[in-house]
């Protein structure tokens, strides 16, 4: 080893000169310690990636042209080839040249020749400006793709920096990409002068400091040179360090004039480089123990660089005589690598940067450590900027395998064998060095080539939390990593960068705290175990996917037209990108509806294409008024449930009438609507100038009710904050916490819980202000003259959070949150049903319940305590109460129930939108407040029942929709039968009760049969539906209308009663009546109607009555015939025949006259009035209807619907009246009626309907000038009055008929007590008869009948009303009541019954059959004596005494003996017309000669029979007790009565005309009644006991039976041996 000596770097170099001491002998080359370094034959960098040097050339002025070619020649021709030749893979070098004036236009080349060409081709700007954007160029260059780590970037400049603010960013990017930055400043014109940038005259000092800082921290070199020769030196230095094993070793800044830096060489060091920079020319001195070679690389006066090749173990001292700094570099082995780790158990958690103040570990390895082992025993942490050592210690052994890229080597699995830490860095930049001993005992030290960056968090809250990469409620870790806000400062590193635990840099001295010096960590947000599900991210990402919808008013008015679109598009693009990153499954699609003068086509696109899509929207210039709601409706139709629609507009709405329907649709689909008005210039719509006030009010309502937001924008900058709020609604964790309205100020207090990650507060009004009383971080995100919004980006749970908002006038607040859980709320009117109806818009009718729970309760249940119901618009609380537990397999997602409660409504009794909030508590005892995501409304559908009764169903049914029909009796029965509850719809104005009462009130028994219709009417006879179709040419269209109407209406009848119609008959009517055709199904019938050939003649008259006769003959009894015509009647002479035939067959005839042009038959022009009168009479007598209608679809469908219903077995006639001017009918309505139809016909007929009970619906069945028909599709008990009227004093016919139970049964008989009474519909006028009546299906339910009415069939006038008496005849069980006898005075009359049910309701029905009188007076006169003797009357089958003629007792079976003339006027309640009065023997008839046993009239010895011949006959009634005690008495009784009755009959042959036997037995056997005395006596002889022994019998009951069966003044004999058990009947 040579003796120590002093070497002056300025005088001595590799070869001594004459000015130096004599050069020593050439030293021996250094010898490496055996085993201390890898074998020299091994290429340690064989697998390294090629270096990719970058040259950034200052092209901002022409100054850099001076000496530029010298530099490029020196660099490319001399320096770089030497460097390239040292490494076999350096022929793969890639060079990039970046001009500072256009850094994006850089060139990359593959060879030295291309590099030289590229450098020489640089275009310098023709100018002398000193300030250039060098940092921008450096940023661009440092981000060039494909750059190999550790490849140098060299800046060549002579300019100051115009963009100094980017300095730290340049450093950060360079450190991240492991790019050392070399800086060569070549602005010196001499050692003491420069143009723009040099230390010697302090030009550009800020720029110089920045450039030195960049070079120093990135471990590059810094030189100040002049152009020319210095360039050559700089080129040589650059080339010499452009190798893999060139390492930065140390950096020291010094202020003293004598700085000494000591180094000790080891076997791994091939060369030391000392690079000095000062502000004045300096002298650098080396003191070296021994040296092999040294070389001055650079000597510019202000910069010096010396390369030294030492011997191992050499101690080297560097001494500088001027203030400045020195950088020590070495070339050699090993290279030290280190990484920072926060958690050694997470192999992926490593980096070269970390947050300020967060504990970290350092893991180490050195290159090729598998070849040569070193004993690393010391780690030193140094402040990179000052070079001061901060912390030193011994590392521990630990093998951690990491998949990393080390320097130029590609990514691989590397073992890091040493760990140091943890320690807490409190510096911006740190260097880390390792020290140890090799196998030769040499101590070596290496600096890790990475400068470690520690980011401080000294940012504003907005900078901290309003990240461009993370959504609100997430913390931006950097590098694309976002973590939940609650993990911020939770004392556990969650960010890969550790930024979540970083401390702010408050300017304290740089330090690195050891583990025993670090402070105790306390979580900022205390952790809450089980306050949220463990897999919450998965749960949220599996929420219902939704769509993002946008409606854009494309007018140019908003803040500059397209430029405004750009602001909106940019904000939406950024926010939706962040949203889809956080919740990738949330948005399925996005769509936009452009709005010009009309809504445009809906365009769908992927959500992340929003910015591009919006920028392509066209601009339009249009009016201020546009169909805004139509555009919103288009978007509603497109959007899926729970989607969010945001409308951007500058116009008013021309279609505000659609608001209610649109709002309901949005609420039912749970769609959020946000409104953004951007009419900055206030041309059309703005609150400031009160323009478009109606539209503003409507849009605010839309936004508030749907839980959206409303904004008015003053400038484009506001869109960022608005978009942050509106896109927040798209999140699956979006929550509504509170909404309220007030005047001037509002204070809101809500609890904050651990489930909330963030919240937003929105205050709106004129100049809104916000004050927050709680200690929460609040960040402003929007501040305009009308809206102020802030965010709580990190929620610290507290008992209550208090926020106050104020404005000049009305102020509204909305507090939204992000987190878990959400409130699950639905309403149900039947929560305890197996399948309860669940909806947020129930139909009003029954008390409501709120079913509540929290989201994902099956995973983590939350205890709900209370429910609050608030007005959606005002936030006013309407009701509240505690909940109770709830469990129903039909609604498993709900665990609590509140109610019952009545429907919220406004002060004017209208439905009100309301919100439901829940109060809950989690396992930590934290109070939770959530508002259900959707608003609620209880709909009043009570006026829409006409769409459901019967709707598309059959009469008597209720249409639930979706093809579901239910029995009409289920309407308003307090049981939900329809899926939406429409069957229980009631007016909201009457809804205040918390219980449901069926309407009408339930009647459990005795009101209506409970059988379904098909069973109830199973025994009803089938009938025919007959259609007589006029074939006139003018009826062509009408035939089509008829076919369509018949197909629809009659099909409903067939659907309900498949067996009711046995035949479908069509009879075409031309000039002659064509043959009848019978069809098996409706399709055949209607097809034939359509194909019927028109009559070619134009004659008006047709044989319509003959056609009707044919129809009657072709059909079954009680059928329905409908005549459709526009012709007059050619065969009026057959009218009575038609009537008689129809009445006797019970056929109903309907007539539809449809002569629109009034050519042949019409009332308007009095065309064929006799035909019209005849046809009207036909319909009235047969209980049909006469229609005069136009040939329109509605008219025909209405008329055919009426006639088709009359084919049903449950069709009933309630009343019919004909009068001039007005006709009024009042009828009772009972629960047996399903529907009631009122019809008035006549010239310009109209009608008015009123009811004692409120009837919910009145359907227009027909509304024609001459026919008006309305239907009550549901009937409530009470009464109904129909007033029909015509213009002037014309005739009006008002009918009331219905569908329901029961029908009235009626018949006439002259002898109701006969064993087989003869029942007739037509009787001889004058005959004294009885009416027997009953209700249909009386075997199932018999109703008490109170009275019967006789009604004139022609006028509907009441003739008489008679009390009904019980009737029981086994031969006619269908008849249960009978009247006293009477004589009917009308040619055609109806019988109506008045009954009552168990609910006390009056039931009024008219029998379907019409009754008629036959005038037989001529026939009667001809029968005196006829074929009998003089003084007798010829009945045809027998002769009777003359005194029996017209004695008001029909002795002839045909009633001919009672024949009288039919009165010309059917007078009502005239006793002389309906009470029979015996008439004298006709004077035109010879007086009968007395027989041998008969004295002449007026004799004194008259026989008894003649003396009492005017006495009415009586009944002989015997009531006999059949108990066993009477056995011996029966023969005695029979013999005695036989003797006596025979004697009486001999003396008084006509005194007794009926004999009645009433047994008193246990079976209560019916009485036996006969007119044959012999038969009666045989009955008495056959009496036997019933075996009973009881002493108490119903004697008075049986006596009453006998009395009721007997004629007046009869004699009843009771024979008994028992006492009476029914003495209470004595008075009766």
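Placed from the backbone N, Cα and C atoms, the Cβ positions cover glycine too.
Positions annotated as domain 'Hemicentin-1-like von Willebrand factor A' by TrEMBL: 77-227 (among others).
Residues or ranges marked as disulfide bond by TrEMBL: 953-965 (among others). Remark: residue 953 (disulfide bond) has 959, 965, 1052 as non-local neighbours, by Cβ distance under 8 Å and separation of at least 6 in sequence.
Per TrEMBL, the feature disulfide bond maps to 960-978 (among others). Long-range neighbours of residue 978 (disulfide bond) (same chain, six or more residues apart, CB within less than 8 Å of its CB): 958, 960, 961, 964, 966.
Per TrEMBL, domain 'Hemicentin-1-like von Willebrand factor A' is recorded for 1026-1189 (among others).
If you look up TrEMBL, you'll see 1517-1627 (among others) marked as domain 'Hemicentin-1-like von Willebrand factor A'. For the domain 'Hemicentin-1-like von Willebrand factor A' (1517-1627), the predicted model reports an average pLDDT of 87.
Summarising the environment of residue 965 (disulfide bond), the number of other Cβ atoms within 10 Å of its Cβ, over all protein chains shown, is 20. With DSSP states grouped into helix (H, G, I), strand (E, B) and coil, the domain 'Hemicentin-1-like von Willebrand factor A' (1517-1627) comes out at 45 helix, 26 strand, 40 coil. There are 20 other CB atoms within 10 A of the CB of residue 960 (disulfide bond), with all protein chains counted.
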